[in-house]
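Visitor: From Swiss-Prot, for reference:
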- GLU211: active site, proton donor (ACT_SITE)
- HIS19, HIS21, HIS208, ASP300: Zn(2+) binding site (BINDING)
- HIS21, ASP23, GLY181: substrate binding site (BINDING)
- HIS232: site 'Important for catalytic activity' (SITE)
Amino acid sequence: MTTPLTLENIRRAPKALLHDHLDGGLRPSTVLELAEQYGYDDLPAHDADELAEFFRTAAHSGSLVRYLEPFAHTVGVMQNHDALHRVARECVEDLADDNVVYAEIRFAPELHIDGGLSLDAVVEAVLAGFADGEKAAAAAGRTITVRCLVTAMRHAARSREIAALAIRFRDQGVVGFDIAGAEAGYPPSRHLDAFEYMRSNNARFTIHAGEAFGLPSIHEAIAFCGADRLGHGVRIVDDIDMDAEGGPKLGRLAALLRDKRIPFEMCPSSNVQTGAVASIAEHPFDRLARLRFRVTVNTDNRLMSDTTMSLEMLRLVEAFGYGWSDLERFTINAMKSAFISFPERLAIIDEVIKPRYAVLVG
């Protein structure tokens, strides 16, 4: 008998997460405690529920630039080893509680050095927190594998330095590189030296593109920079029209991305909040999924978007009528697209995802 698609049952399903920002997923209570512990005085609220409401309200801004503003508060309390370690550990525990079995968590080390830490020390603290979070999850009966992506801010000039950081820690849990931040005015091609460095070291990277800016951002990310994955990429629908018979007609860029199986790290709730799309029901996720693009489900920022992987999946189920087989396909899409080795990806798909979905399908 097929298990009903309720939130409680979706929570039981194994999940793979590729696009989640460490500084966008703190517990409100942790933000308060770290602020008090380390003397951060700029919080807009001093009650966990009120603070959570502040982040939710700020996220629903309709603008990527305004959506990013509240990160000053989370980054502000993540400026020493212990704070970074705690946030990383709790991140893993929270994901494991939602039955995420594989996650790639990204953050920008350059934003966490105001307290005197070196870039290397920042990464070391986060990786140690991830490792302790995995152990805590295992002790609670939940197995999760967490890896790290280091991100460079696209408005800054440290991307080559951050790419080198990714390579230094590639055997310690860092599996890739990313650029993030406001897209308009900061095209991916400004960071070609960083991407060339990653390619020259046979390393993987993703690029935030096609979220708040259009097709040129996606084109640069793929054609000039050589991205392995796209962060968001929702504006690819601008390259999909209708033919004379009313069927889909893919432009050359959209066709290339589908042909090459470029993964889309789609974050439905976040895209609504930033104004990239009007609603979940109008999100291009379903259109792309039906056209067999490699779409994946992601959270982006769990605190700001007040979301989990289970909630993101439920919202897609409610909007588009998906069944368990669809959720399994999206999960396998994510695992196929992960930046770990092929044997590791295959093991999680064959030994964890497929068997557990088989139970849910009945």
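Glycine is no exception: its Cβ is also placed from the backbone N, Cα and C atoms.
What's the neighbourhood like for each of these?
Guide: In the three-state DSSP classification, GLU211 (active site, proton donor) falls within coil.
Within the same chain, residues at least six positions away from HIS19 (Zn(2+) binding site) with a Cβ under 8 Å of its Cβ are GLU104, ARG106, THR206, GLY231, HIS232, GLU265, CYS267, THR296, ASN298, THR299, ASP300.
Secondary structure at ASP23 (substrate binding site), taken from DSSP and collapsed to helix, strand or coil, is helix. Sequence-distant neighbours of ASP23 (substrate binding site) (same chain, 6+ apart, CB under 8 A from its CB) are PHE71, THR74, VAL75, MET78, VAL87, PHE107, ALA108, LEU111.
DSSP classifies HIS232 (site 'Important for catalytic activity') as strand under the three-state reduction.
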Visitor: Can you check what DSSP calls ASP300 (Zn(2+) binding site), collapsed to helix, strand or coil?
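Guide: Going by the DSSP assignment, ASP300 (Zn(2+) binding site) falls within a strand, counted as strand.
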Visitor: Between HIS21 (Zn(2+) binding site) and GLU211 (active site, proton donor), find the distance joining the two CA atoms and give it rounded to the nearest Å.
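Guide: HIS21 (Zn(2+) binding site) to GLU211 (active site, proton donor), Cα-Cα distance: 15 Å.
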Visitor: Compute the C-alpha separation of GLU211 (active site, proton donor) from GLY181 (substrate binding site), stating it in Å without decimals.
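Guide: Given the Cα positions, GLU211 (active site, proton donor) is 10 Å from GLY181 (substrate binding site).
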Visitor: Ten-angstrom check, please: count other Cβ atoms within 10 Å of the Cβ of GLY181 (substrate binding site), all chains counted.
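Guide: Its Cβ shell of radius 10 Å holds 16 other Cβ atoms.
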